[in-house]
Amino acid sequence: MANEGSDPLLQYMISPRLKKPPQLLFPLPEDNEVAIPMPMTPSEFKERLIFGPFSCSPRDSSHFIDSMKQPSPSSSSTAVNNPFSDSSTLDPLLPPPPPQPEPWLSDQTSSHCQGHALHRSKTAPAMAVINDLHHPIRQKDPTETSRSVVRQAFALLVVYLSLGVLIYWLNRDHYVVNQTHPVVDGLYFCIVTMCTIGYGDITPNSVVTKLFSIMFVLVGFGFIDILLSGMVSYVLDLQESYMLDSAKRRDEPEKRRSYIIDVKKGRMRIRLKVALALGVVVLCIAVGVGIMHFIEEIGWLDSFYLSVMSVTTVGYGDRAFKTLPGRLFAAIWLLVSTLAVARAFLYLAEARVDKRNRERAKKVLCETMSVSQFFAADIDNNGCVSKAEYVIYKLKEMEKITDKDILPISKQFDKLDRCSNGKITLLDLLEGGSGD
């Protein structure tokens with residue numbers, strides 16, 4: 001019992017209220033004790049912003065331990081007497097000091113906390129959507145945009161044709177024409193002029209009508225472009241999406257579907273687009289042959305001749321529509337067939353360009369890198385070519401991108417890279433958002 005006075009454990013059990021207040025100076029780290037939480041590193045700060053507080057992190061409190069642990073009188077009295085126990089005195093970015101778990105809980109949680117190295121999954125949603133707070137993105141539905149373009153194109157076409165018919169009706173005596181009905185003749189004249197066919201069966205013979213025809217032709221080119229880029233593209237996109245959905249739903253072999261769908265790009269193959277466009281042109285010619293033979297009462301050969309000359313916008317003028325039903329049909333048929341032919345030529349040009357690009361890409365990927373190509377690919381002139389530099393150089397050789405395409409992207413990167421260290425960090429984005 002001689003050592004009873006010097007035994008600290010026995011003294012604490014006999015008189016716990018006589019315990020000395022905690023020291024204001026904390027033990028050094030070499031004693032394997034840390035009294036205050038260490039400041040977070042940038043990587044831990046980034047993980048905390050994205051994932052939130054980790055349950056097993058030594059800097060954050062464990063919800064599991066807090067729910068299982070019962071508060072003890074000694075710990076509560078220590079928290080009251082400790083002047084540094086108030087978390088409000090700490091930096092708001094630093095988490096509160098972690099509570100000490102019970103011994104029977106420390107063994108179970110140590111295995112989970114040991115070797116903590118979490119990485120954000122690419123498919124995991126962020127707990128704090130930082131980008132939406134500073135840069136809210138308003139996504140527009142592409143379908144609504146396409147529909148608005150179609151409505152605008154249709155409205156402009158109606159205004160264009162209505163104005164043309166009105167001017168023709170007011171000046172119908174100044175045209176050389178085999179008249180049927182003023183409105184039908186005016187609509188027929190407007191369509192033939194806009195589609196640049198020019199049969200020659202209706203011609204102006206005064207100064208006013210000639211000036212009107214000049215203006216009408218020049219404005220008609222713009223309307224053809226609007227119709228091609230608006231209404232026709234919208235209809236063809238709907239057709240393409242419908243065919244893609246139908247091909248995906250069917251239980252067909254992958255090899256058979258690959259002839260229709262480009263699986264890698266998720267679109268119809270260009271050869272199928274060309275075939276469909278040419279099929280529409282052939283259908284327009286066939287419909288024109290039948291209507292001309294039965295309505296205009298001309299022979300099969302002359303019907304086929306006039307149909308081809310009309311669809312291809314040649315229009316020699318030796319044959320034309322003379323009856324009222326024929327001109328009313330031609331007002332619709334010529335517009336549709338002209339747009340179909342124009343789209344077919346666009347698809348043919350796209351097919352040739354696509355074939356040339358595929359051949360060039362195959363040639364570029366098969367050749368090895370020479371010394372001159374190595375120095376050309378070394379963008380930063382550091383004596384080695386990184387993967388990004390190699391990809392950029394190969395894309396340039398394939399003529400998919402140019403320096404003009406890369407320059408605005410580099411300028412945008414320099415704006416985001418506020419530290420000018422060649423990297424964009426989360427702190428740069430936050431500072432950029434607060435600065436904006």
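The count begins at 1 with the first shown residue.
Backbone N, Cα and C atoms are what each Cβ position is placed from, and that goes for glycine too.
These come from Swiss-Prot:
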{"type": "BINDING", "residues": "Asp378, Asp380, Asn382, Cys384, Glu389", "note": "Ca(2+) 1 binding site"}
{"type": "BINDING", "residues": "Asp417, Asn421, Lys423, Asp428", "note": "Ca(2+) 2 binding site"}
{"type": "DOMAIN", "residues": "404-436", "note": "domain 'EF-hand 2'"}
{"type": "TRANSMEM", "residues": "149-169", "note": "transmembrane segment"}
{"type": "TRANSMEM", "residues": "212-232", "note": "transmembrane segment"}
{"type": "TRANSMEM", "residues": "275-295", "note": "transmembrane segment"}
{"type": "TRANSMEM", "residues": "328-348", "note": "transmembrane segment"}
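Taking the features listed in Swiss-Prot, we show where each one sits on the structure.
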residue: Asp378; record: Ca(2+) 1 binding site; Cβ neighbours (10 Å): 16
residue: Asp380; record: Ca(2+) 1 binding site; Cβ neighbours (10 Å): 10
residue: Asn382; record: Ca(2+) 1 binding site; Cβ neighbours (10 Å): 9
residue: Cys384; record: Ca(2+) 1 binding site; Cβ neighbours (10 Å): 9
residue: Glu389; record: Ca(2+) 1 binding site; Cβ neighbours (10 Å): 16
residue: Asp417; record: Ca(2+) 2 binding site; Cβ neighbours (10 Å): 15
residue: Asn421; record: Ca(2+) 2 binding site; Cβ neighbours (10 Å): 9
residue: Lys423; record: Ca(2+) 2 binding site; Cβ neighbours (10 Å): 10
residue: Asp428; record: Ca(2+) 2 binding site; Cβ neighbours (10 Å): 16
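Summarised by DSSP class, the composition of the domain 'EF-hand 2' (404-436) is 23 helix, 0 strand, 10 coil. For the pair Asn382 (Ca(2+) 1 binding site) and Asn421 (Ca(2+) 2 binding site), the Cα-Cα distance reads 15 Å. Each residue contributes its Cα atom, and for Asp380 (Ca(2+) 1 binding site) and Asp428 (Ca(2+) 2 binding site) these two points are 23 Å apart. With respect to Cys384 (Ca(2+) 1 binding site), the closest of these binding-site residues in Cα terms is Asn421, chosen from Asp417, Asn421, Asp428. Counting only the Cα atoms, the space from Lys423 (Ca(2+) 2 binding site) to Glu389 (Ca(2+) 1 binding site) is about 16 angstrom. Within 8 Å of the Cβ centroid of the Ca(2+) 2 site, not counting the listed residues Asp417, Asn421, Lys423, Asp428, the chain contributes Leu416, Arg418, Cys419, Ser420, Gly422, Ile424, Thr425.
On a Cα basis, Asn421 (Ca(2+) 2 binding site) lies 18 Å away from Glu389 (Ca(2+) 1 binding site). A Cβ distance under 8 Å defines the sequence-distant neighbours of the transmembrane segment (149-169), meaning residues of its chain 6+ beyond its ends; these are 175, 182-183, 185-187, 189-191, 193-194, 212, 216, 219-220, 223, 226-227, 229-231, 234.
Counting only the Cα atoms, the space from Asp378 (Ca(2+) 1 binding site) to Asp417 (Ca(2+) 2 binding site) is about 21 angstrom.
Other residues of the same chain near the Ca(2+) 1 site, with their Cβ within 8 Å of the Cβ centroid of Asp378, Asp380, Asn382, Cys384, Glu389, are Ala377, Ile379, Asn381, Gly383, Val385, Ser386.
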